[in-house]
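J.: Quick one: structure below, then a few questions.
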Amino acid sequence: MPGPDPAVAATRLAVREHLSDVPEGCVVLVACSGGPDSVALAAALAFEAPRAGVRGGAVVVDHGLQERSAEVADDAAALCRELGLDPVEVVRADVRTSGAGLEADARSARYVAIEAAADRAGAAMVLIGHTRDDQAEQVLLGLSRGSGARSLSGMPVRRDRFVRPLLALPRATTLAACAAYGIEPWSDPHNTDDSFRRVRARRLLATLESDLGPGFGAALARSADLLREDADYLESLAIKARAELPTGPGGNGVDLDALSGLPRAIRTRVWRLLAAEAGAPLADVSAAHVESLDALLTSWHGQGPLHVPGGIAVSRTAGAIVFSPLRESAIA
Ligand SMILES: Nc1ncnc2c1ncn2[C@@H]1O[C@H](COP(=O)(O)OP(=O)(O)OP(=O)(O)O)[C@@H](O)[C@H]1O
(Lines of atoms letter the chains of each structure in order from A and count residues from 1; the text may use other names and numbers.)
(Lines give C-alpha, C1' and ligand atoms only; values in the text may rest on other atoms or scores of the structure.)
Protein backbone atom coordinates (compact mmCIF):
# COMPACT_ATOMS: atom_id res chain seq x y z
CA MET A 1 0.00 0.00 0.00
CA PRO A 2 1.49 3.43 -0.89
CA GLY A 3 2.26 5.73 2.05
CA PRO A 4 0.53 9.07 2.51
CA ASP A 5 1.24 12.00 0.22
CA PRO A 6 4.63 13.58 1.20
CA ALA A 7 3.02 16.87 2.24
CA VAL A 8 0.47 15.04 4.40
CA ALA A 9 3.27 12.94 5.91
CA ALA A 10 5.33 16.07 6.67
CA THR A 11 2.46 17.81 8.49
CA ARG A 12 1.63 14.65 10.46
CA LEU A 13 5.25 14.17 11.50
CA ALA A 14 5.44 17.79 12.64
CA VAL A 15 2.36 17.32 14.84
CA ARG A 16 3.47 13.89 16.12
CA GLU A 17 6.73 15.36 17.44
CA HIS A 18 4.79 17.72 19.71
CA LEU A 19 2.08 15.29 20.84
CA SER A 20 4.74 13.12 22.43
CA ASP A 21 5.05 15.87 25.11
CA VAL A 22 1.35 15.62 26.03
CA PRO A 23 0.22 13.22 28.78
CA GLU A 24 -2.23 10.54 27.63
CA GLY A 25 -5.91 11.42 27.76
CA CYS A 26 -5.28 15.20 27.62
CA VAL A 27 -7.02 17.52 25.17
CA VAL A 28 -5.04 19.20 22.37
CA LEU A 29 -6.85 21.91 20.41
CA VAL A 30 -6.06 23.29 16.97
CA ALA A 31 -6.92 26.94 16.36
CA CYS A 32 -8.52 26.67 12.94
CA SER A 33 -9.45 29.62 10.74
CA GLY A 34 -10.53 27.44 7.81
CA GLY A 35 -7.46 28.64 5.86
CA PRO A 36 -5.00 26.15 4.31
CA ASP A 37 -2.39 26.18 7.08
CA SER A 38 -4.72 25.51 9.98
CA VAL A 39 -6.84 23.07 7.97
CA ALA A 40 -3.75 20.98 7.12
CA LEU A 41 -2.85 21.19 10.81
CA ALA A 42 -6.36 20.15 11.89
CA ALA A 43 -6.25 17.13 9.57
CA ALA A 44 -2.82 16.14 10.91
CA LEU A 45 -4.05 16.47 14.51
CA ALA A 46 -7.16 14.40 13.75
CA PHE A 47 -4.90 11.63 12.42
CA GLU A 48 -2.21 11.76 15.09
CA ALA A 49 -4.23 12.42 18.27
CA PRO A 50 -5.77 8.94 18.65
CA ARG A 51 -2.38 7.37 17.87
CA ALA A 52 -0.77 9.44 20.63
CA GLY A 53 -3.58 8.63 23.10
CA VAL A 54 -4.73 12.26 23.32
CA ARG A 55 -8.01 13.94 22.43
CA GLY A 56 -7.86 16.28 19.42
CA GLY A 57 -10.31 19.18 19.31
CA ALA A 58 -10.62 22.57 17.63
CA VAL A 59 -11.48 26.16 18.35
CA VAL A 60 -12.67 28.48 15.58
CA VAL A 61 -12.82 32.21 16.22
CA ASP A 62 -15.44 34.39 14.61
CA HIS A 63 -13.99 37.91 14.64
CA GLY A 64 -17.27 39.36 13.39
CA LEU A 65 -15.32 41.69 11.09
CA GLN A 66 -16.53 40.41 7.72
CA GLU A 67 -20.05 40.02 6.44
CA ARG A 68 -19.93 36.23 6.20
CA SER A 69 -17.69 35.67 9.22
CA ALA A 70 -20.20 33.55 11.20
CA GLU A 71 -20.78 31.32 8.17
CA VAL A 72 -17.03 30.95 7.53
CA ALA A 73 -16.50 29.99 11.18
CA ASP A 74 -19.35 27.45 11.09
CA ASP A 75 -17.95 25.90 7.90
CA ALA A 76 -14.48 25.60 9.47
CA ALA A 77 -16.01 24.01 12.58
CA ALA A 78 -18.04 21.56 10.46
CA LEU A 79 -14.87 20.57 8.61
CA CYS A 80 -13.05 19.98 11.90
CA ARG A 81 -15.92 17.74 13.10
CA GLU A 82 -15.86 15.83 9.78
CA LEU A 83 -12.15 15.26 10.30
CA GLY A 84 -13.06 13.60 13.61
CA LEU A 85 -12.03 16.35 16.02
CA ASP A 86 -14.03 16.65 19.24
CA PRO A 87 -14.66 19.00 21.05
CA VAL A 88 -15.05 21.71 18.42
CA GLU A 89 -16.10 25.16 19.57
CA VAL A 90 -16.86 28.37 17.68
CA VAL A 91 -16.19 31.45 19.78
CA ARG A 92 -16.95 35.07 19.04
CA ALA A 93 -13.99 37.43 19.57
CA ASP A 94 -14.52 40.81 21.16
CA VAL A 95 -12.38 43.04 18.91
CA ARG A 96 -11.73 46.39 20.58
CA THR A 97 -10.07 49.33 18.88
CA SER A 98 -6.83 50.15 20.67
CA GLY A 99 -5.12 52.32 18.07
CA ALA A 100 -2.67 49.49 17.25
CA GLY A 101 -4.47 48.73 13.95
CA LEU A 102 -7.23 46.31 12.98
CA GLU A 103 -4.88 43.36 12.41
CA ALA A 104 -3.27 43.72 15.84
CA ASP A 105 -6.62 44.28 17.58
CA ALA A 106 -8.10 41.19 15.88
CA ARG A 107 -5.05 39.14 16.89
CA SER A 108 -5.27 40.21 20.56
CA ALA A 109 -8.99 39.45 20.70
CA ARG A 110 -8.37 36.10 18.99
CA TYR A 111 -5.79 35.00 21.54
CA VAL A 112 -8.07 36.00 24.44
CA ALA A 113 -10.93 33.96 22.89
CA ILE A 114 -8.67 30.97 22.18
CA GLU A 115 -7.25 31.01 25.74
CA ALA A 116 -10.77 31.04 27.18
CA ALA A 117 -11.83 28.14 24.93
CA ALA A 118 -8.67 26.22 25.85
CA ASP A 119 -9.46 26.72 29.56
CA ARG A 120 -13.04 25.49 29.05
CA ALA A 121 -11.78 22.40 27.22
CA GLY A 122 -8.99 21.84 29.78
CA ALA A 123 -6.54 21.80 26.86
CA ALA A 124 -2.91 20.96 27.57
CA MET A 125 -1.78 22.34 24.21
CA VAL A 126 -3.12 24.62 21.47
CA LEU A 127 -1.74 24.24 17.95
CA ILE A 128 -1.39 27.32 15.73
CA GLY A 129 -0.92 27.06 11.96
CA HIS A 130 1.93 29.52 11.32
CA THR A 131 4.38 28.31 8.67
CA ARG A 132 7.94 29.19 7.68
CA ASP A 133 6.51 31.73 5.20
CA ASP A 134 4.67 33.49 8.05
CA GLN A 135 7.95 33.55 9.97
CA ALA A 136 9.81 35.06 7.00
CA GLU A 137 7.10 37.73 6.62
CA GLN A 138 7.40 38.53 10.31
CA VAL A 139 11.18 39.01 9.98
CA LEU A 140 10.74 41.19 6.89
CA LEU A 141 8.23 43.37 8.75
CA GLY A 142 10.65 43.58 11.69
CA LEU A 143 13.43 44.74 9.34
CA SER A 144 11.12 47.41 7.94
CA ARG A 145 10.76 48.80 11.49
CA GLY A 146 14.49 48.65 12.27
CA SER A 147 13.88 46.08 15.04
CA GLY A 148 16.47 44.46 17.27
CA ALA A 149 17.32 40.80 17.77
CA ARG A 150 14.25 39.95 19.87
CA SER A 151 11.72 41.17 17.30
CA LEU A 152 13.73 39.83 14.39
CA SER A 153 13.69 36.42 16.04
CA GLY A 154 10.05 36.16 15.00
CA MET A 155 7.66 33.68 16.52
CA PRO A 156 8.84 30.90 18.85
CA VAL A 157 7.78 27.29 18.18
CA ARG A 158 6.36 27.15 21.69
CA ARG A 159 5.20 29.67 24.25
CA ASP A 160 3.35 28.31 27.25
CA ARG A 161 0.74 25.93 25.84
CA PHE A 162 0.71 27.53 22.35
CA VAL A 163 2.67 25.47 19.82
CA ARG A 164 3.43 26.10 16.13
CA PRO A 165 4.26 22.67 14.71
CA LEU A 166 4.41 23.89 11.07
CA LEU A 167 6.94 26.67 11.64
CA ALA A 168 9.70 24.81 9.78
CA LEU A 169 7.46 23.90 6.81
CA PRO A 170 6.72 26.12 3.82
CA ARG A 171 3.16 27.19 3.02
CA ALA A 172 3.45 25.15 -0.20
CA THR A 173 3.38 22.03 1.99
CA THR A 174 0.09 22.93 3.69
CA LEU A 175 -1.47 23.80 0.34
CA ALA A 176 -0.28 20.48 -1.10
CA ALA A 177 -1.60 18.61 1.95
CA CYS A 178 -5.06 20.19 1.57
CA ALA A 179 -5.04 19.25 -2.13
CA ALA A 180 -4.05 15.68 -1.26
CA TYR A 181 -6.96 15.45 1.21
CA GLY A 182 -9.27 16.88 -1.48
CA ILE A 183 -10.15 19.79 0.82
CA GLU A 184 -10.62 23.25 -0.62
CA PRO A 185 -9.71 25.60 2.24
CA TRP A 186 -11.23 29.02 2.79
CA SER A 187 -9.41 31.88 1.15
CA ASP A 188 -9.40 34.93 3.43
CA PRO A 189 -10.16 38.09 1.37
CA HIS A 190 -7.92 40.01 3.84
CA ASN A 191 -4.97 38.04 2.43
CA THR A 192 -5.25 39.99 -0.82
CA ASP A 193 -6.09 43.34 0.76
CA ASP A 194 -3.12 45.60 0.06
CA SER A 195 -4.01 47.96 2.88
CA PHE A 196 -2.47 45.40 5.28
CA ARG A 197 1.32 45.64 5.67
CA ARG A 198 1.53 41.86 6.06
CA VAL A 199 -0.09 41.34 2.66
CA ARG A 200 2.41 43.71 1.05
CA ALA A 201 5.26 41.93 2.87
CA ARG A 202 4.00 38.60 1.50
CA ARG A 203 4.03 39.97 -2.03
CA LEU A 204 7.48 41.50 -1.56
CA LEU A 205 8.79 38.19 -0.25
CA ALA A 206 7.57 36.46 -3.41
CA THR A 207 9.45 39.07 -5.48
CA LEU A 208 12.60 38.63 -3.39
CA GLU A 209 12.37 34.86 -3.76
CA SER A 210 12.13 35.17 -7.52
CA ASP A 211 14.95 37.77 -7.72
CA LEU A 212 17.36 36.43 -5.09
CA GLY A 213 16.57 32.73 -5.16
CA PRO A 214 13.83 30.45 -3.83
CA GLY A 215 15.70 29.96 -0.55
CA PHE A 216 15.28 33.58 0.54
CA GLY A 217 12.28 33.01 2.82
CA ALA A 218 13.92 29.97 4.40
CA ALA A 219 17.09 32.04 4.96
CA LEU A 220 15.10 34.75 6.76
CA ALA A 221 13.49 32.10 8.97
CA ARG A 222 16.96 30.69 9.72
CA SER A 223 18.20 34.16 10.69
CA ALA A 224 15.22 34.37 13.04
CA ASP A 225 16.31 31.14 14.75
CA LEU A 226 19.89 32.37 15.15
CA LEU A 227 18.75 35.73 16.50
CA ARG A 228 16.43 34.03 18.99
CA GLU A 229 19.41 32.18 20.47
CA ASP A 230 21.33 35.46 20.72
CA ALA A 231 18.37 37.32 22.21
CA ASP A 232 17.74 34.56 24.78
CA TYR A 233 21.38 34.65 25.84
CA LEU A 234 21.49 38.47 26.08
CA GLU A 235 18.30 38.36 28.14
CA SER A 236 19.84 35.90 30.59
CA LEU A 237 22.85 38.22 30.93
CA ALA A 238 20.52 41.18 31.48
CA ILE A 239 18.64 39.35 34.26
CA LYS A 240 21.97 38.66 35.96
CA ALA A 241 23.12 42.28 35.49
CA ARG A 242 19.85 43.58 36.95
CA ALA A 243 20.20 41.33 40.00
CA GLU A 244 23.72 42.68 40.58
CA LEU A 245 22.82 46.39 40.16
CA PRO A 246 23.38 48.24 43.45
CA THR A 247 20.77 50.68 44.74
CA GLY A 248 21.42 54.41 44.43
CA PRO A 249 22.57 56.72 47.24
CA GLY A 250 20.32 56.48 50.29
CA GLY A 251 18.85 53.20 48.98
CA ASN A 252 16.84 54.99 46.28
CA GLY A 253 16.34 53.47 42.83
CA VAL A 254 19.30 51.93 41.03
CA ASP A 255 22.83 53.22 40.95
CA LEU A 256 23.36 55.56 38.01
CA ASP A 257 27.04 54.77 37.41
CA ALA A 258 26.53 51.02 37.58
CA LEU A 259 23.65 51.21 35.08
CA SER A 260 25.64 53.53 32.77
CA GLY A 261 28.58 51.13 32.86
CA LEU A 262 26.61 48.24 31.35
CA PRO A 263 27.11 47.53 27.63
CA ARG A 264 24.23 49.00 25.62
CA ALA A 265 22.96 45.60 24.44
CA ILE A 266 22.49 44.63 28.10
CA ARG A 267 21.40 48.07 29.32
CA THR A 268 18.44 48.31 26.92
CA ARG A 269 17.22 44.97 28.26
CA VAL A 270 17.81 46.04 31.87
CA TRP A 271 15.66 49.15 31.23
CA ARG A 272 12.83 46.85 30.20
CA LEU A 273 13.31 44.70 33.30
CA LEU A 274 13.25 47.78 35.53
CA ALA A 275 10.09 49.05 33.81
CA ALA A 276 8.43 45.66 34.29
CA GLU A 277 9.41 45.58 37.97
CA ALA A 278 7.80 48.99 38.40
CA GLY A 279 4.57 47.57 36.94
CA ALA A 280 4.77 48.58 33.25
CA PRO A 281 3.05 46.15 30.87
CA LEU A 282 6.07 45.01 28.85
CA ALA A 283 4.17 44.64 25.58
CA ASP A 284 3.48 48.39 25.72
CA VAL A 285 7.07 49.45 26.39
CA SER A 286 8.35 50.30 22.92
CA ALA A 287 11.88 50.70 21.55
CA ALA A 288 11.21 54.47 21.57
CA HIS A 289 10.45 54.36 25.32
CA VAL A 290 13.71 52.49 25.93
CA GLU A 291 15.62 54.99 23.77
CA SER A 292 14.35 57.95 25.76
CA LEU A 293 15.05 56.17 29.04
CA ASP A 294 18.59 55.46 27.90
CA ALA A 295 19.01 59.13 26.98
CA LEU A 296 18.73 59.85 30.74
CA LEU A 297 22.23 58.35 30.85
CA THR A 298 23.70 59.04 27.43
CA SER A 299 22.46 62.58 26.69
CA TRP A 300 21.44 64.03 30.03
CA HIS A 301 20.33 67.66 29.85
CA GLY A 302 18.00 67.78 32.85
CA GLN A 303 15.08 66.09 31.11
CA GLY A 304 12.33 64.22 32.94
CA PRO A 305 10.62 62.76 34.69
CA LEU A 306 9.86 60.51 31.71
CA HIS A 307 6.66 58.50 31.53
CA VAL A 308 6.41 54.83 30.64
CA PRO A 309 3.18 52.84 30.15
CA GLY A 310 1.47 51.72 33.32
CA GLY A 311 1.47 55.20 34.88
CA ILE A 312 5.13 55.17 35.84
CA ALA A 313 7.52 58.11 36.07
CA VAL A 314 11.25 57.65 35.66
CA SER A 315 13.61 60.29 37.03
CA ARG A 316 17.31 60.82 37.23
CA THR A 317 18.34 62.06 40.65
CA ALA A 318 21.81 62.65 42.06
CA GLY A 319 23.42 59.27 41.54
CA ALA A 320 20.29 57.21 40.86
CA ILE A 321 17.53 56.30 38.43
CA VAL A 322 14.18 56.12 40.21
CA PHE A 323 10.94 54.54 38.97
CA SER A 324 7.82 55.75 40.80
CA PRO A 325 4.05 55.89 40.30
CA LEU A 326 3.13 58.92 38.15
CA ARG A 327 0.86 60.59 40.73
CA GLU A 328 3.50 60.51 43.45
CA SER A 329 6.07 62.17 41.20
CA ALA A 330 3.52 64.71 39.96
CA ILE A 331 2.89 65.70 43.60
CA ALA A 332 6.59 65.73 44.41
N1 LIG B 1 -10.44 32.85 13.02
C2 LIG B 1 -9.55 32.03 13.55
N3 LIG B 1 -9.95 31.02 14.36
C4 LIG B 1 -9.05 30.17 14.93
N5 LIG B 1 -7.73 30.26 14.72
C6 LIG B 1 -7.29 31.24 13.93
C7 LIG B 1 -8.16 32.16 13.30
N8 LIG B 1 -7.42 33.02 12.55
C9 LIG B 1 -6.15 32.64 12.70
N10 LIG B 1 -6.05 31.57 13.52
C11 LIG B 1 -4.84 30.83 13.92
O12 LIG B 1 -3.71 31.67 13.76
C13 LIG B 1 -2.87 31.16 12.72
C14 LIG B 1 -2.27 32.27 11.91
O15 LIG B 1 -3.28 33.16 11.49
P16 LIG B 1 -3.27 33.81 10.06
O17 LIG B 1 -4.18 34.96 10.10
O18 LIG B 1 -1.87 33.99 9.61
O19 LIG B 1 -3.91 32.60 9.27
P20 LIG B 1 -4.94 32.57 8.05
O21 LIG B 1 -4.30 33.12 6.85
O22 LIG B 1 -6.27 33.13 8.47
O23 LIG B 1 -5.22 30.99 7.88
P24 LIG B 1 -4.28 29.77 7.91
O25 LIG B 1 -3.03 30.15 8.67
O26 LIG B 1 -5.07 28.73 8.61
O27 LIG B 1 -4.00 29.42 6.48
C28 LIG B 1 -3.78 30.23 11.91
O29 LIG B 1 -3.04 29.25 11.23
C30 LIG B 1 -4.64 29.65 12.99
O31 LIG B 1 -3.99 28.61 13.72
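Each Cβ is built from the backbone N, Cα and C atoms, and glycine gets one as well.
TrEMBL entries are annotated by machine, without manual review.
According to TrEMBL, the ATP binding site annotation covers S33, G34, G35, P36, D37, S38. Look at TrEMBL and you will find 28-203 tagged as domain 'tRNA(Ile)-lysidine/2-thiocytidine synthase N-terminal'. The annotation domain 'tRNA(Ile)-lysidine synthase substrate-binding' is assigned in TrEMBL to 255-316.
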J.: Should we count any of the binding-site residues S33, G34, D37, S38 as near ligand 1, judged by a CB under 6 A from one of its atoms, and which?
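T.: Near the molecule: S33, D37, S38.
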J.: For the recorded ATP site formed by S33, G34, G35, P36, D37, S38, name the remaining residues of the chain with Cβ within 8 Å of the site's Cβ center, in chain order.
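T.: For the ATP site the neighbour list reads C32, V39, A40, L41, A76, G129, T174, P185, W186, D188.
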J.: Let me spell it out: for each of the binding-site residues (S33, S38), count the other Cβ atoms within 10 Å of that residue's Cβ, using every protein chain shown. Which one has the most?
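T.: Counting every other Cβ within 10 Å of each candidate, the maximum falls on S38.
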J.: Could you give the number of helix, strand and coil residues in the domain 'tRNA(Ile)-lysidine synthase substrate-binding' (255-316) as assigned by DSSP?
T.: 34 helix, 9 strand, 19 coil
J.: Compile a sequence-ordered list of residues in the same chain as D37 (ATP binding site), six or more apart from it, whose Cβ lies below 8 A from its Cβ; state 'none' when nothing qualifies.
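T.: G129, H130, T131, D134, L166, R171, T174 - these are the non-local Cβ neighbours of D37 (ATP binding site), listed in sequence order.
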J.: At a 10 A cut-off on CB-CB distances, which of the binding-site residues G34, G35, P36 has the highest count?
T.: P36
